[in-house]
Structure formats: C-alpha cells, structure tokens
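K.L.:
Pasting the relevant annotations from TrEMBL:
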- 5-21: transmembrane segment (TRANSMEM)
- 23-287: domain 'NADH:quinone oxidoreductase/Mrp antiporter transmembrane' (DOMAIN)
- 57-80: transmembrane segment (TRANSMEM)
- 92-115: transmembrane segment (TRANSMEM)
- 152-171: transmembrane segment (TRANSMEM)
- 178-196: transmembrane segment (TRANSMEM)
- 202-221: transmembrane segment (TRANSMEM)
- 233-255: transmembrane segment (TRANSMEM)
- 275-294: transmembrane segment (TRANSMEM)
- 290-343: domain 'NADH dehydrogenase subunit 2 C-terminal' (DOMAIN)
- 323-346: transmembrane segment (TRANSMEM)
Amino acid sequence: MKPSILLTIMMTVISGTMIVLTSSHWLMVWIGFEMNTLAIIPILMKKSNPRAIEASTKYFLTQATASMILMMGIAINLLYSGQWTLSKTLHPAASAMMTIALAMKLGLAPFHFWVPEVTQGIHMSSGLILLTWQKIAPLSILYQISPAINPNLLLPMAIASVLIGGWGGLNQTQLRKILAYSSIAHMGWMAAITLYNPTMMVLNLTIYIIMTLTTFMLFMYSSSTTTLSLSQTWNKTPLITSLILMLMLSLGGLPPLSGFIPKWMIILELTKNEMIIMPTLLAITALLNLFFYMRLTYTTTLTMFPSTNNMMMKWKFDSTKKMIFLPPLTVISTMLLPITPLLSILD
C-alpha cells in the first residue's frame, strides 16, 4: 500500500473515532462509526491473502449488523423522545438495542466469535489497531449512556466475557488469538464497572491499551506469531524475552505490576456498591487468564530450546525494526502501581 493512501485511510479511521467522541447528535455518532468501519477494512487487508480477506469480510459483516441494530435503537429513541441528542435518559427498548450493538462492536460475549478469527487472519500491526484503537469509540458511547443501561443485560454479558476470555485462551498456541481472548476478558471487566463508575472504565481502557500496545510491539520486534517461535527468542534477544515475561504477568493482573491497578480498583468499587458475588466471580475467572499468561511465560522464559552444544547459536538476523516508543511503554506497562493513590483521587 502506498504511503499516501495509507495516510489517508489512517486519517479517516482517526477522524471517524473523533467524530464519535465529540458528537452530541446520534446521527453524527452513527456516521462516525460507519467512517471508522469502512476505513479500517483496507488496513485489515494490508497483506492481501485469502485469510486476511476472509477476516476482513467477517469483521465488516459483524460491524454492519451492529450499526444496523444501533440505528434501529436510535430510531426507536427518536420515536419516543422526539430528539436526536445524546442524553442520559433513553427509552428501555432503545437502550437495550444500543447496548447489544455496542457489545457486538466491542466483541463482548455472546457476540465475541468474530474477535479471535479476525485477529488471527490479519497482520500483527492491523491486529494492534483492531484490539486497541477500535475499542475507544464504542466504549465512549457506552460511557455516555451508562446511566440508562439495563444492568440485567450488561452484567451477565460482562461475566460471560471474562469467563470466555479465560476459557478460550487456555488451549491456544497462536499469540494473536491469545491476545484476542485477552481483549474479550478485559472488555468484560470494563463492562462490569461501567454501570457503577464509568471513570474507572476509562482508567482500565487506558492501561489495557498501553499493555496491549507494548505486547504487540514486542511480538512484532521478535517476529513471533506462535508460542513455538516465542520460545526461541531467548537465543537472540534475552532482554526482550524477560520483558515479555513481565508484560504477560502484568496483563494477568499480578501485583506489583501495572495490570493489577484496574482489577484491584474495580473489585474495590464493586464491593463498595455492596456487590459480593460479582467481584468474586470476576476474580476467580481472572485466574483462567492468568493461567495462559503463565503458560506463555513458562514457554518463553523458563524453558530453553534444546541444543546439542553449550554455545548460544546465532541463527537469527538482527532485527532492523525501529521501536522508539518501546522503552517508555514497557515502563508504563509494568511500573505504575506506586501512583495508584493519585489515580484513585482522579476517580
């Protein structure tokens, strides 16, 4: 793809999200979603092969269906309220349809099936955009309509997402699918807290995006797409291998790493709202995620690829990829825990 074309498409993706973020009119929100969806398709098909085309088609069909349901919700709300404005009071039917549409766009269970398939079929850099930037617009609308959302609809989807995000990743060897299931689980945590403290959801989203961005960049730097190729990185890039170890544990939410902050604060907030079963279920199902991160950690860092001699074999070329943002991103992804009191004040 020519740089000028790529720049135009990227600007359309960014402006689509920005229109959604800044609009107070439902039609403009819908147009922003459509711009974003149509512009991301060429990015997903950047490496044109049958798998990428199939993945892009699946993504397009899912997003088109979600947009249709969203527009129907907007029309129902217009019918009953007579206004296009994004307000905190919605008709119950409109609210339910909008929640379902946004859940489809985010990949919340039971609308999660497209996420692993699409992520696996596309290039690593496209997967990075899909699992980070593409989550911002739907979550911003979920944030704005949070007072009108039916808890009986969103909370079961949140618990199911965390559960499926943990179970689905247990048997995977493909890194992109593991990150896709990780994304489903994180979306579940965000959906769970949206009803009680939407600001906490923004904090969770920020930390999730930073951690996922860093993980993708490390995988791209070491040219790893499977656990097998990841298990051979110790040979050439031992530092990258140890960084992957820390990042996996941070994604799993182990203290004292950054990934522990959102989980800790969400469980605290839910407990403050006199909910006991919900945070308990979330904490237990998070152990499933932790298991497959630990498995990745084990294959990457704690096992050595068998070699017939005691020499470190230099069979891989040096990486020429420029990753200038990797050091600060790695620091943020692992060492934010000491500033938790500040974050709690902001909330």
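Here the Cβ of each residue, glycine as well, is placed from N, Cα and C on the backbone.
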K.L.:
Below 8 angstroms Cβ to Cβ, which residues of this chain, lying six or more residues outside the transmembrane segment (275-294), approach it?
P.N.:
155, 159, 162-163, 165-167, 169-170, 172, 178, 181-182, 185, 188-189, 192, 248-249, 251-254, 263, 266-267
K.L.:
Considering only Cβ pairs under 8 Å, which range in 5-21, 152-171, 202-221 makes the most contacts with the transmembrane segment (178-196)?
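P.N.:
Between the candidates 5-21, 152-171, 202-221, the best contact partner of the transmembrane segment (178-196) is 152-171.
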K.L.:
Same chain, outside the transmembrane segment (202-221) by at least 6, Cβ under 8 Å from its Cβ: which residues?
P.N.:
124-125, 127-128, 131-132, 135-136, 139, 143, 175, 179, 182-183, 186, 189-190, 193, 230, 237, 240, 243-244, 247-248, 250-251, 258-259, 261-262, 265-266, 319, 321, 323, 325-326, 329-330, 332-333, 336, 343, 346-347
K.L.:
Determine which residues of the chain contact the transmembrane segment (5-21) at the Cβ level, with the cut-off under 8 Å and only residues 6 or more beyond its ends counted.
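P.N.:
Cβ under 8 Å, 6 or more out: 28-29, 31-40, 42-43, 129, 133, 136-137, 140-141.
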